[in-house]
Amino acid sequence: MTNPAPSDALVIAGKHYRSRLLTGTGKFKDLDETRLATEAAAAEIVTVAIRRVNIGQDPNAPSLLDVLPPERYTLLPNTAGCYTAEEAVRTCRLARELLDGHNLTKLEVLGDEKTLYPDVVQTLKAAEQLVADGFEVMVYTSDDPILAKRLEEIGCVAVMPLAAPIGSGLGIQNKYNLLEIIDNAKVPIIVDAGVGTASDAAIAMELGCDGVLMNTAIAGARDPILMASAMRKAIEAGREAFLAGRIPRKRYASASSPVDGVIG
């Protein structure tokens, strides 16, 4: 991935990243495909579901760390599968033990198994506890602008509103709420969940999101490695388009050729 100017790096908890594409590590057919897709995406931050993926809990089983070493990647342990604040906090503390004091974590507390929408009450409760416990919390939440701001005020280092339900592939469903969240934020806003294809990722970046996290859109594609590459390019293009500034929408045409001095 092309190195951005230092002023355009993604900064999370004081650390600078070149890539604005964050990827998950679940749903791939094996660890080798996970590695290849992560490399094709040029991701630097990768999420790990502590309750589902081995990062040392079972010393006799293959470990994700064998293919995605912490020396090369920022591992982002997440609380996928947690439905209460207590479960989420306990999972984060386990991750910190397994990763030698690693404090960066992705908090998600789900409301039900059908929608996988966040339980915002439990999310707020867990976020407060984790921040007080010294964690650097990146938090999965709804696209409610008021809630997003509240999570920032609690001390979360990044807010991660959904674009659509997890794994749905529906794309950006409420760009106006995302714009409101972005406009009011002083921490990175990273779209999490709902991306289905490269154009969805580009739209999120064109809106002004600081990054996009995805898993199913890549792992569930017919060719995950190729899709990872497509997503990387979409993120880059969307970011450049945002920085360049799109032209305003108009109802009527506007000639692209100058009209002054037209012959005849």
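In case you wondered, yes, glycine gets a Cβ from its N, Cα and C as well.
Quick caveat, the model's predicted, so the values are computed rather than measured.
In Swiss-Prot, the 1-deoxy-D-xylulose 5-phosphate site is described by Ala193, Gly194, Asn215, Thr216, and among Gly167, Gly238, Gly245 the residue recorded at this site is Gly167. Cα-Cα distance from Lys106 (active site, schiff-base intermediate with DXP) to Asn215 (1-deoxy-D-xylulose 5-phosphate binding site): 14 Å (rounded to the nearest whole number).
The recorded positions under consideration are Lys106, Ala193, Thr216. Their Cβ neighbour counts within 10 Å are lowest for Thr216. Each residue in Pro165, Ile166, Ser168, Gly169, Val195, Met214, Ala217 lies on the same chain as Gly167, Ala193, Gly194, Asn215, Thr216 and has a C-beta within 8 Å of the C-beta centroid of that 1-deoxy-D-xylulose 5-phosphate site, without being one of the site residues.
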